[in-house]
Structure formats: structure tokens, C-alpha cells
Amino acid sequence: MRVNKSLTPQDLMAYGINDVQDIVYNPSYDLLFQEELDPNLKGYERGVLTNLGAVAVDTGVFTGRSPKDKYIVRDDTTRDTFWWADKGKGKNDNKPLSPETWQHLKGLVTNQLSGKRLFVVDAFCGANADTRLSVRFITEVAWQAHFVKNMFIRPTDEELVDFEPDFIVMNGAKCTNPQWKEQGLNSENFVAFNLTERMQLIGGTWYGGEMKKGMFSMMNYLLPLKGIASMHCSANVGEKGDVAVFFGLSGTGKTTLSTDPKRRLIGDDEHGWDDDGVFNFEGGCYAKTIKLSKEAEPEIYNAIRRDALLENVTVREDGTIDFDDGSKTENTRVSYPIYHIDNIVKPVSKAGHATKVIFLTADAFGVLPPVSRLTADQTQYHFLSGFTAKLAGTERGITEPTPTFSACFGAAFLSLHPTQYAEVLVKRMQAAGAQAYLVNTGWNGTGKRISIKDTRAIIDAILNGSLDNAETFTLPMFNLAIPTELPGVDTKILDPRNTYASSEQWQEKAETLAKLFIDNFDKYTDTPAGAALVEAGPKL
């Protein structure tokens with residue numbers, strides 16, 4: 001069998017990259033390990049070996065995505081379909097870019113990559129062969145090649161024989177755009193997409209997550225237009241084949257809660273839902289490591305070994321890691337191939353239709369209950385609201401928990417109007433007879449975060465059906481159905497009012513939060529379907 005290892009400099013000339021010295025094509029993990037630790041490397045290119053066997057790298061100034069530097073070329077392909085930042089009521093990061101400015105940025109990146117020794121990784125985004133993207137990543141930095149090898153689906157030798165990329169990602173992290181002011185851009189850094197050319201360009205930021213979330217944004221454009229749900233969620237499957245999906249923004253518990261020794265992991269962040277069921281977009285996991293401990297999260301801790309890649313953690317002189325140190329960023333991370341988790345769906349990361357849909361929120365106000373069972377209209381309302389507290393460090397400039405509303409629990413990655421995702425999800429849920437729940441992994445009136453132990457017991461009660469059979473009462477103002485008791489959960493925390501010195505204190509905070517919900521949802525009331533959902537939200 002002949003594997004296409006003969007990618008040549010001529011192949012890269014088609015993208016505008018010239019005079020390439022050498023191409024390291026689909027490097028092995030062993031080769032990447034050597035490359036990352038090369039003592040001749042300088043600055044952010046150079047990795048450090050930790051006592052756990054994983055290499056740690058520093059992503060520079062950018063320790064999270066830079067949404068203000070995200071652009072989409074507005075042309076005939078995207079003009080009438082994309083959810084644009086400069087149109088309508090919704091707030092998003094999809095800023096339009098002219099084809100002329102795109103060509104300038106492309107010239108900067110191709111000039112940066114020309115004449116260099118390059119790493120090229122061919123991989124898939126999407127576990128379903130019918131709808132996956134074949135993506136070619138081009139970078140001059142070994143650890144960035146390692147990151148995409150971890151995070152995307154690694155092709156077999158057979159699949160590489162006739163691999164033809166649908167999408168090209170050119171990472172020019174070392175170059176910046178000096179003409180940004182004249183071009184009306186946000187800064188010298190850029191993360192730009194062209195749907196006509198099927199290409200992503202990166203300049204100025206070293207953060208690996210831009211490649212991961214960039215391809216997620218593209219799947220979020222392509223799949224819903226085919227009637228396939230594209231979801232910012234984790235997913236797992238039980239022994240009886242029962243599938244659960246966990247929606248939530250960064251830091252709300254998607255990775256932690258879906259990594260469950262009693263269930264097999266489908267994936268931890270990005271999934272589709274088609275006629276056959278739920279499938280992963282990725283071939284790896286990207287877990288937060290701040291305050292990580294072997295006791296609280298053994299599966300994730302044990303996944304940090306050779307071939308895992310740590311980002312922005314503090315490594316002591318003896319190679320040990322201080323997971324409690326957030327001085328560089330609270331958004332410390334590790335990427336690892338999904339098979340570093342023992343209990344995964346094999347050989348392909350997909351399963352049947354979901355019957356449990358869990359919305360994770362981290363409520364900084366301490367108003368919402370740890371768990372509530374949603375009606376069909378409440379499901380749509382809370383999906384479109386996407387409320388959480390924005391947690392420290394996943395974006396630049398955010399260091400304290402602040403409340404935020406992110407449509408579909410992932411507005412930063414949406415390419416179409418949020419209602420299109422809600423419509424597709426609801427159709428899939430109705431066909432599967434799925435039930436939705438709102439789970440608060442954040443804070444309560446004590447000012448303490450709800451414990452992982454209690455949250456895990458709540459998830460168990462959802463998955464084993466005991467929550468559906470529990471007696472419930474209704475929380476005023478938010479009209480949420482709350483169980484009176486659940487196995488293994490401290491009954492006192494189920495009603496958030498009980499965690500305050502007085503119910504008046506809860507009432508005061510609840511009114512503040514309810515008003516935020518109502519004001520946020522106003523942007524959906526310009527359609528009859530959106531206006532009809534107002535009744536499912538909080539009432540003052």
C-alpha cells in the first residue's frame with residue numbers, strides 16, 4: 001500500500017507558499033516529541049518536558065481565543081447566509097472582511113510560511129464519513145502540528161492514499177498585519193475565513209484553540225444547512241446505548257461531566273446529530289487544567305502523559321506541574337488524543353440518538369437551582385438564551401466571573417442565525433423523544449461553587465431516570481420544575497433560596513437576573529416563533 005508521503009513543495013505553491021525548504025508530512029508523535037524539545041528552538045516554539053511525560057508549551061500573549069480579531073470574507077457565497085456582526089439585533093463575532101483585505105492577509109501568511117521548513121498535517125473534522133471535512137493544516141511550529149494531530153481525527157494509511165483537502169488552514173502565528181488601521185480592522189492580529197476558497201488564515205496569535213474552533217465554526221455553517229444539528233456539547237453513551245449530550249460554555253463542566261467511568265465518551269466539545277445519531281467532530285479532548293487533581297478528575301489527570309500537550313501551565317524546575325497556579329492564565333489547558341481516556345466509543349466516535357439533553361450553566365448570581373426539568377418551550381428558550389457566567393481566562397481580558405448570554409451555548413462559534421440551530425435541535429429531540437434539563441454547576445447563596453460530587457449525583461439521577469420520577473415544586477419567577485429530593489444530593493441545596501440567609505436576598509438577586517434574561521431575549525421577539533417563547537422565560 002502506498003501512503004501519500006510525497007507531498008511536495010509544488011503542492012504548497014497552489015496555496016501561494018513558495019521555496020519551501022522541507023515538508024514534515026503527518027509527523028509521528030515520536031518525531032513531534034523530538035521537534036518540540038529541540039534545544040535550538042527559541043521563544044514560544046520550544047516545549048518543556050514535564051514529569052508526567054507530556055510536553056508543556058507557552059502560547060504567548062494569547063492564552064485564549066481572540067474573538068475581536070475574527071473575520072469572514074463577505075462575498076456571493078456568504079452574503080445572504082452568514083450571521084453577520086453588522087446586521088440584525090444579535091451580537092456576534094462574525095465581522096465582514098473584503099476580498100481585497102483577504103488577499104492582503106493571505107499574502108502576509110504565505111510570505112511568512114515561504115522559504116521555511118513546514119509541518120503539514122492532514123486530518124478529518126467529523127466522524128461521519130458522509131459529512132466530514134478533510135482539512136490540511138500548514139504551520140512552521142512543531143507543537144501546533146502536535147495540537148491538531150491530537151484534536152482532529154487522524155486518518156488511517158488507507159484514507160491518506162487519496163486524501164484531498166476540503167479546507168486549508170495556514171497558521172502564520174509569527175506574522176502580523178501592519179496595515180490593520182487603514183483596513184478598519186481591530187488589531188494587527190487576525191483569524192480570517194474564506195468560504196469560497198475554503199481557507200482559514202491565522203496571524204499574530206499562537207493559541208492552538210483558534211484552529212480547533214475555526215473548523216468548528218465552519219462545521220456550524222455547513223451542517224445545519226443540510227438539516228444536521230451542529231452542537232457545542234460533550235456526549236457520552238451508557239451500557240444500554242442511551243446517549244446524553246451536555247451543552248455548555250467553556251468551564252461549565254462539559255469535559256468533566258461527560259468523562260464518566262460508568263459511560264463511554266463520544267467526545268468532549270463538538271458534535272453533530274444526523275439521521276443515524278450523535279457523532280464527534282474531533283479526535284481528541286481539550287480539557288481545562290486549572291486546579292486539576294487526580295482525586296477529583298482521575299480520568300483527565302491520567303490522560304496527561306506522553307503525547308498529551310499542556311498549555312500555559314507552571315512547570316517547576318524539577319518538571320512537576322503546579323496545576324493550582326493561574327498566574328499566566330486561568331485558562332490552562334491540555335490536549336490529548338481521545339484514546340488517552342480508557343472508556344471511549346470505538347472504533348468511531350459516534351452512537352445513536354440522544355434521549356437526555358443537558359444544558360450546563362455556571363450561574364455567578366447564585367439564583368438558579370442545581371437542576372430543573374425543562375418543558376419543550378423552556379428548552380428552546382434556555383437554548384437560545386445560553387446563560388452562564390463567563391469564566392476566567394477563556395478570552396483575553398476576562399478574569400472574574402461575569403454573567404453572559406451566548407446563544408446556543410456557543411454564540412462565538414455560530415455562523416448562522418441562532419434560531420436555525422434551535423430549529424434543527426428541536427426536530428432532532430422530538431424525533432428521538434429527548435428530554436432537556438438545566439443544570440447549574442456554578443454558585444449558590446453561600447458563595448461557594450456547587451461541588452463536583454453533588455453535580456455528578458445530579459447527572460446520575462438524570463441519566464438513570466430517577467429525576468424524571470421525582471416529585472417536583474416550581475421555583476417562582478423562573479417557573480422551573482425542581483425535584484424535592486435526589487439520591488446522593490444534599491437536599492438543602494436543591495432549592496437555591498435555602499442557601500441564602502433570607503429568601504428576600506434570593507428574591508433581590510433573582511429579579512436582577514430575570515431582567516437580564518428578559519432584556520437579552522428581546523432580540524428574538526421580532527419573529528412570531530421567538531415572541532411565542534417569551535412565556536417560557538422568567539416573569540417579573
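Cβ coordinates are placed from backbone N, Cα and C, and glycine is handled just like the others.
Residue environment of Arg65 (substrate binding site) contains 24 other Cβ atoms, counted within 10 Å of its Cβ in all protein chains. Under the heading substrate binding site, Swiss-Prot lists Arg65, Tyr207, Lys213, Arg333, citing sequence analysis as support.
A 10 Å cutoff on Cβ-Cβ distances gives Lys87 (N6-acetyllysine) a total of 12 other Cβ atoms nearby, all chains included. Sequence annotations record features per position, and here Swiss-Prot assigns N6-acetyllysine to Lys87 (among others) based on sequence analysis.
The secondary structure of His232 (Mn(2+) binding site), as reduced to three states from DSSP, is extended strand. According to Swiss-Prot, the feature Mn(2+) binding site maps to Lys213, His232, Asp269, an assignment based on sequence analysis.
The secondary structure of Thr252 (ATP binding site), as reduced to three states from DSSP, is coil rather than helix or strand. For Lys213, His232, 248-256, Glu297, Arg333, 449-450, Thr455, the entry in Swiss-Prot reads ATP binding site.
What Swiss-Prot records for Lys523 (among others) is N6-acetyllysine, and it gives sequence analysis as the kind of evidence. Within 10 Å of the C-beta of Lys523 (N6-acetyllysine) we count 16 further C-beta atoms, all protein chains included.
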From recorded positions Lys87, Tyr207, His232, Lys523, the one whose Cα lies nearest Ile450 (ATP binding site): His232
Most Cβ neighbours inside 10 Å, all chains, among the binding-site residues Ser250, Thr252, Thr256: Ser250
Separation of alpha carbons, Asp269 (Mn(2+) binding site) and Ser250 (ATP binding site) (Å): 9
Helix, strand or coil at Arg65 (substrate binding site) [DSSP, three-state]: strand
Spatial neighbours, same chain, of His232 (Mn(2+) binding site) - Cβ under 8 Å, 6+ residues apart: Phe216, Phe247, Gly248, Leu249, Asp269, Glu270, Cys408, Phe409, Gly410, Phe413
Max CA-CA distance, Å, over listed substrate-binding residues Arg65, Tyr207, Lys213, Arg333: 14
Binding-site residues compared (Lys213, Lys254, Arg333) - highest count of Cβ atoms within 10 Å: Lys254
Structural state of Tyr207 (substrate binding site), classified by DSSP into three states: coil
